[in-house]
Amino acid sequence: MKTLGEFIVEKQHEFSHATGELTALLSAIKLGAKIIHRDINKAGLVDILGASGAENVQGEVQQKLDLFANEKLKAALKARDIVAGIASEEEDEIVVFEGCEHAKYVVLMDPLDGSSNIDVNVSVGTIFSIYRRVTPVGTPVTEEDFLQPGNKQVAAGYVVYGSSTMLVYTTGCGVHAFTYDPSLGVFCLCQERMRFPEKGNTYSINEGNYIKFPNGVKKYIKFCQEEDKSTNRPYTSRYIGSLVADFHRNLLKGGIYLYPSTASHPEGKLRLLYECNPMAFLAEQAGGKASDGKERILDITPESLHQRRPFFVGTDHMVEDVERFIREFPDA
């Protein structure tokens, strides 16, 4: 049985940014995930369910667990003195860690994706993304350090809190998964070099918004529902409403996750920096593909911390199909 810590040290030589700092950074995220796991499991017994009464910068009502997870991860990262600053979906601006100007890395995160599902005991997750800063080491970080395209990521991953808690990550050398053993307090390797199945047959989208979707996406959904034995259609529809949970299932089983633009969210709803980029990095490392329908997600240069983007991610041929439908059936 190999632990996450042992695996990270063993694999350091495989990537160009191998440093003790990155190992310690991933260890800090691991600690934050353990704390969140513990408190999610007893959320119904203590007063951390439901809305906090506050809103985040996007105008969305923050759940109590959103704020809890944000603070715990922030504290775990700051305590190691290896991160110069963070950007979070739950923070209006970047958070500069005083006294950590010497650090090489910045972290972007969605502390608790799908937190509205907690009240009904459905899987949620944590998403993280790590970059090397671009401003000189020894100076405070600036927003420039965070507004980098996804192809500059050093590492990315997620933790899914479900029937078991799993941490999945990449440093650009494949995707690896670890299951948390609460009796031992360690994450143990369960899958190495994960790959999307070559053929997918699941599509994940909130079809309740169908009337608001672009024409190409509507056509693609109909394509998924048509019967064609040569392409194993109709596909199966599965939608949890938690990006991490939907992505994880499709990674294991083969499929596509779709969150297109809508009439009410013409720029899309998912955040480029906190959700799209890390999941796109993982997808490509697992042999999949990620797109906004027209452009590779990892090639997009962000313009603002909380920028949104349409998002299509999963098995490569399925993402290519939806891109083709968007090209062939543009909105009038």
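Quick reminder: no glycine exception, Cβ is built from N, Cα and C everywhere.
Swiss-Prot annotates ASP110, ASP113 as Mg(2+) 2-binding residues; of GLU275, GLU284, GLU295, the candidate listed for that same site is GLU275. Checking the candidates GLU89, GLU90, GLU143, GLU144 against Swiss-Prot: the one annotated together with ASP110, LEU112 at the Mg(2+) 1 site is GLU89.
Among the candidates LYS104, LYS199, LYS269, the residue that Swiss-Prot names alongside ASP113, GLY114, SER115, SER116, ASN206, TYR239, TYR257, LEU258, TYR259 for the substrate site is LYS269.
Near ASP110 (Mg(2+) 1 binding site), with the C-alpha within 10 Å of its C-alpha, lie none of the binding-site residues ASN206, TYR257, TYR259.
Taking the mean position of the Cβ atoms of ASP110, ASP113, GLU275 as the Mg(2+) 2 site, the remaining residues of that chain whose Cβ falls within 8 Å of it are GLU89, MET109, GLY114, GLY125, THR126, ILE127, LEU243, VAL244, LEU270, ARG271, TYR274. Sorted by the number of other CB atoms within 10 A, the binding-site residues SER115, ASN206 start with ASN206, the lowest. In this structure, the binding-site residues TYR257, TYR259 were compared by how many other Cβ atoms lie within 10 Å of their Cβ, and the smallest count belongs to TYR259. Straight-line distance linking the Cα atoms of GLU275 (Mg(2+) 2 binding site) and TYR257 (substrate binding site), rounded to a whole number, equals 12 Å. Pairwise Cα distances among ASP113, GLY114, SER115, SER116, ASN206, TYR239, TYR257, LEU258, TYR259, LYS269, which the record gives as the binders of substrate, peak at 19 Å. Of the listed binding-site residues, namely GLU89, ASP110, ASP113, GLU275, the sparsest Cβ surroundings within 10 Å are found at GLU89.
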